[in-house]
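Taken straight from TrEMBL:
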BINDING   B:D57, B:T94, B:H144, B:Y148, B:S218, B:S219  FMN binding site
DOMAIN    B:1-117  domain 'TROVE'
Number of protein chains: 2
Amino acid sequence: MSARELHLNAFLMGVGHHEAAWRHPRTDPRALDDVAHFQHLARIAERGTFDSVFLADGVQIWGDVRHTAANRFEPITLLTAISQATERIGLIATASTGFSEPYNLARLFSSLDHISGGRAGWNIVTTAGDRSAQNFNREVNLEHAERYERADEFLDVVTALWDSWEDDALVVDRESGVFAEDAKVHEIDHKGRFFSVRGPLNAVRSPQGHPLLVQAGSSEDGKAFASAWAEAVFTAHQTHGDATAFYADLKRRVTARGRAADDVKVLPGIVPVLGGTQAQARALAEELDGLIIPARAVRQLTELIGVDLTDHPLDARLPEFPPVSRVNGAKSRFELVRDLAQRERLTLRQLLGRLGGGRGHQVVAGTPEQVADHIELWFTTGAADGFNVMAPLLPSGLEDFVDHVVPLLRARGLFRAEYTGRTLREHYGLPRPVSRYASAALV
Amino acid sequence: MSARELHLNAFLMGVGHHEAAWRHPRTDPRALDDVAHFQHLARIAERGTFDSVFLADGVQIWGDVRHTAANRFEPITLLTAISQATERIGLIATASTGFSEPYNLARLFSSLDHISGGRAGWNIVTTAGDRSAQNFNREVNLEHAERYERADEFLDVVTALWDSWEDDALVVDRESGVFAEDAKVHEIDHKGRFFSVRGPLNAVRSPQGHPLLVQAGSSEDGKAFASAWAEAVFTAHQTHGDATAFYADLKRRVTARGRAADDVKVLPGIVPVLGGTQAQARALAEELDGLIIPARAVRQLTELIGVDLTDHPLDARLPEFPPVSRVNGAKSRFELVRDLAQRERLTLRQLLGRLGGGRGHQVVAGTPEQVADHIELWFTTGAADGFNVMAPLLPSGLEDFVDHVVPLLRARGLFRAEYTGRTLREHYGLPRPVSRYASAALV
């Protein structure tokens, strides 16, 4: 194994990442309701010694109820159930800083970290869109920059709460009746613009100290936030050039903050459409794209980039896009879609086909060797520290990846053959944070 | 088995309900950190065909950090882990309406209900005390009545969200690409004093329709709330007279609302201190009371009843209590403690001993036959529909109850010998609610 280690995260999405996966005969759409389906997926990923599994989330119904295989489970509870069916694999849940209280979310992640023996991770999102805000007492969501200001303060509070019990606060002396050393349990006394939180948390420090912090925003605000907080970054790129530019930019920002470049792992998404031959892989990709329902896809694209395309003719070239400064949604995803459409002069229908497989993530249709080549190239040429693997069909696409791509990556010395660590931090090669209140920290 | 069925809920509290349980050699205080301990407790209760297990909760540190065996796990995640180690037993989590958003809590309970196959219950609390409020951006908590107004609106929103997908909304027709019948997925468009929530929930209706609703407030506001919403009521009484008066009053309020008296199960707490002889049971009770640390107990009592007793001499009679109208904490618990202190003219130290075992719940120290007699008497004379069983030591006290008291209750035809239902509602003999949006509901 080379000194630098590839990281693989299995992004679990219902019965597959392709938006029409549920219509394909190789899936069982009733599995969306079945916790055993998700436990099975995690066990497949664990067999492939993936670093982690990951669940996206939102606080509204996404897309079109009529044609969308909708989410069911809340991610933290589902990952708790998955923790009981697995031993080693990390468990990353998305949760929004927009509509929760830091005390509640700090507890949920601390509890998942305790229950799983140190395998919890938090994919931090700020949540765009008025539709979400309308489930939380607001007509209109906060502006992009303000959402990130709130997120920044939210992280200040949550990490302080996670630190509020020092690691050695417990005494548990039956004889004297002293359970904890009260000098090692700290009020955090946070008073800020968005939150006032006294603390301490009502839970002892969790196995990882802090659950792993993950972030996926690639806008200017997003990259600034990531360079301050993130330990892994999920990102989406259509070209090697875009990916290397993003990678270099993010690492530069991280080191400018005084952190080591390697303290943040960059994981672009990849949608591996696998076949025994390239022709078979392409046929599967085309079969899936043929199942897309255009009206539904247009509505999802409209939500994804924050530009209304519902009245645009399917076979007409795309219109000029507004300046990104006017976009209040996911700015980086908007830019990716705009650049793709302009670079390749796509019609709306063509764009939907390009996005249906992975919502902007790179689709690689090919043989296991071709997919492994792609991963190796990006990993060794400054585009990625690993990949967020988004199987188009689940479980079959993940099984194919684990059975046919992972062995190649192992044979090439790129990827572990067995777990060496117990916690998610150990899988990602990241240190366990010292509590900011620890006596040693005051020296 | 008689037509009327006894219900038993196992209230799980760390290593035991007695406040000094962690100091007793029959417990392992390190188990507080161990999910396997709680799964083991639930399996013991399931072996005893209990209706449910139950976890209390708070959003602050209770009592005195130095001398208190503190909480670790957040209840919804812990019960999710327990669901994976059990098959039939119900799973009741406490959660506060004071410091969460209804959309978030509706999702968490829906998710637990899906994951557990219909075994979720919610013990609704409003949360007293400024210390909790200070973890959520407020210096001072809402007043008692206002907390219940918020709770009432919170329940309106949550139950509407749980109903927002009709049971038959899913179509899942691959051929046509129709996943759900959009006419059967409803926005709730709630606009109230505390909340504005558009909906629908981003989860299909859960197995029970609504997770079971439990409530434990016994004040005027609490009883009004319970009669509107609760399906099971946890309550605390020191005398049979108080218990029958409460029982009759609550059932009267329930029927006055147009609900059937049997639609709400009343479960007083019982702390069974078991011994092979009554003398052995009393010796264990005294041994435990001898481990109480008075300074800690006074602080907890002060928090429990909202009256500061920290400067009161331990061996002096208790002072006059203020009028209940001035109490902004748990009013009914205040009245219970006041009545106990006045009726028996207790000193502070004596009161602490009476409360140390169960924080105001009835302690019954005796043989299995005596405990079974107590349960049968209360069950058959209008004091209880069942009991909230609070073992002083865990797991041993719960094991003793399951192995020695449950067989007596079964032999007397009072309690089930095996489960007949699959869901928590079925265990409690309660119907599955029809969605308020169901077409049939409009006829």
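Count begins at 1; order follows the chain as displayed.
Quick reminder: no glycine exception, Cβ is built from N, Cα and C everywhere.
Here the features listed in TrEMBL are placed on the structure.
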residue : record           : Cβ contacts under 8 Å, 6 or more apart
B:D57   : FMN binding site : B:N71, B:E74, B:P75, B:A93, B:T94, B:A95, B:S96, B:V125
B:H144  : FMN binding site : B:A128, B:S219, B:D221, B:V327, B:N328, B:G329, B:K331
B:Y148  : FMN binding site : B:T126, B:G217, B:D221, B:G222, B:A224, B:F225
B:S218  : FMN binding site : B:V233, B:T235, B:A236, B:F246, B:S332, B:R333
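Here the domain 'TROVE' (B:1-117) has, by DSSP, the following mix of helix, strand and coil residues: 44 helix, 17 strand, 56 coil.
According to DSSP, B:S218 (FMN binding site) is assigned to coil rather than to any helix or strand. Mean model confidence of the domain 'TROVE' (B:1-117) amounts to 94 (pLDDT, 0 to 100 scale).
Counting every protein chain shown, 20 other Cβ atoms lie within 10 Å of the Cβ of B:T94 (FMN binding site).
The Cβ of B:S219 (FMN binding site) has 21 neighbouring Cβ atoms from other residues within 10 Å, across all protein chains displayed.
B:H144 (FMN binding site) carries a helical DSSP state (H, G or I).
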